[in-house]
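**Q** Taken from TrEMBL, the feature transmembrane segment covers 50-70, 126-146, 158-180, 186-207, 214-237, 243-261, 333-354, 360-382, 391-408, 414-437, 449-468, 474-497. As annotated by TrEMBL, domain 'Major facilitator superfamily (MFS) profile' applies to 75-502. TrEMBL lists 507-532 with the feature region 'Disordered'.
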């Protein structure tokens, strides 16, 4: 999920924020009916809001989310908890200082990084540390490749990220040192973060505003499927090196993206390459059966208009602007906490399932399978009930289901896994919701930095998730209590956020401060009347 990612991603927002989608306006001309989306900018009008060209590009790009899920979730099978005894002296306790070697139960896993490098006793936290470093790599990759994508385009950094993901991932499967493994996994994570941000930006830049909400959620489905298929890979590949290699070699196919994926026409336009933008737009228009005759003229005129207005539109905010005024500061803190909840609870609960007892392959497969209907349900809920009620519902669902585990005995593994799976369903609804909610809540001048900041906070949540999941060694009820209490606190904070569905996007810092602000009865009306 993810996502994700995307550190983010709303580098797209300034690039793709266009006027609200209009209904097609029918005009009679020479007896023929011509339909025009008058409120779309010339770039979107040229390629259309959604057509076969868009679908083909998405069909190529969406599979990138499979390795995103595989690499982020693979620690469940690469470094699981395994039973062990002292091999050097069977009469000693396994973690006795005099014990120098260990024997591992290989009935479920043939080999793991835990058993190969003796990551037990005093080294027991190294597996969790490795996953935390991996999640930090996702954060670094999003920031790094987000900057590269702004400077060099979407396609070149995407292909470079795929190559790094391939080489580092395969390398991690063959090396003999734990710390080299950690470094290569970190590089793989940086690349994974890069594929997340560049692919999402590309998709959001070509899809029309009428369909962008839907596709921002559909983009998450390959992640759900990747999580599901991971259990299948792990079931048949019980040696960790074979599993790591299989999950990484898939990226070979994606090297072809250099030839298959077009550059974003919006990036080409904003970087001054009008000819390149026109070429891509004409290709898209032909595939979508749209007229091409006026594309060059329209784009050149649009470029001149943008050039004239450049000084007025170049005003950008910074991270401090999110906290300067009281209402904006409160909304930023509430939203960032909910991103933290998503990072902590989604990845934490997913790893907790691996510790919940019973058959680990079945547990992961069932919990992952339930994420898919949760993601699809998110589409309906956000349209029918808005962002605010959807996020409150999904966080509450996760919170209650996880807290319930604290009252279930550890031996009831089926019930524990079932409740944790319900918790994952909630998070599979929350994650896509916060992406869209935040994009509509932050004003245009700080939208990039606002979502980038929130996304980084989510990564910090995912970085501490492995350690929280491991608190079960202290008390079995401790991880589910933490994974349950934080979403409930997040749901409480959402009550203080305004609903954004159906409202114009705030543009200025003043708009952002006034949006959703409660005023005294004799005070001035806020933007959208401050409706909650």
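Cβ coordinates come from backbone N, Cα and C, glycine included.
Automatic prediction, not curation, is the source of TrEMBL annotations.
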**Q** For the transmembrane segment (126-146) and the transmembrane segment (186-207), check the count of CB pairs under 8 Å (sequence separation 6 or more) and say whether it reaches 3 or more.
**A** yes
**Q** By a Cβ-Cβ criterion of under 8 Å, what residues six or more beyond either terminus of the transmembrane segment (360-382) are in contact with it?
**A** 1, 73, 76-77, 80, 108, 213-214, 217, 220-221, 224-225, 227-228, 230-232, 234-235, 349-350, 353-354, 389-390, 393-394, 413, 417, 420-422, 424-429, 432-433, 436, 501
**Q** May I ask you to check whether the transmembrane segment (243-261) and the transmembrane segment (414-437) make contact, with contact taken as at least three Cβ pairs under 8 Å and only pairs 6 or more apart in sequence counted?
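**A** These two stretches do not touch.
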**Q** Counting only residues 6+ away from its ends, which parts of the chain sit with a Cβ under 8 Å from the transmembrane segment (474-497)?
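**A** Sequence-distant neighbours of the transmembrane segment (474-497): 330-331, 333-335, 337-338, 340-341, 344-345, 348-349, 352, 355, 388, 391-392, 395-396, 398-406, 410, 419-420, 423, 426-427, 430, 437, 441, 468, 516, 532.
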**Q** Tell me whether the transmembrane segment (50-70) sits in contact with the transmembrane segment (214-237), defined here as at least 3 Cβ pairs under 8 Å among residues 6 or more apart in sequence.
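**A** Yes, these stretches are in contact.
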**Q** Could you check whether the transmembrane segment (333-354) and the transmembrane segment (449-468) come into contact, where contact means at least 3 Cβ pairs under 8 Å with the two residues of each pair 6 or more apart in sequence?
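**A** Contact between the transmembrane segment (449-468) and the transmembrane segment (333-354): present, because at least 3 Cβ pairs are under 8 Å.
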**Q** If you average the pLDDT over the domain 'Major facilitator superfamily (MFS) profile' (75-502), what number do you get?
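**A** Taking every residue in the domain 'Major facilitator superfamily (MFS) profile' (75-502) and averaging pLDDT yields 89.
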**Q** Report, as numbers and ranges, every residue of the chain located at least six residues beyond the transmembrane segment (214-237) whose Cβ falls under 8 Å of a Cβ in that stretch; write 'none' if there are none.
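**A** The answer is 1-4, 58, 62-70, 73-74, 76-77, 200, 203-204, 207, 243, 246-247, 350, 361-362, 364-365, 368-369, 371-372, 375-376, 378-379, 382, 428, 431-432, 435-436.
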**Q** Checking distant contacts: for the transmembrane segment (158-180), what same-chain residues at least six beyond its ends satisfy Cβ-Cβ under 8 A?
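**A** Residues 64, 67, 71, 113, 117, 119, 126, 130, 141, 145, 148-149, 187-188, 190-192, 194-195, 198-199, 202, 241-242, 244-245, 247-249, 251-252, 254-255, 257-258, 261.
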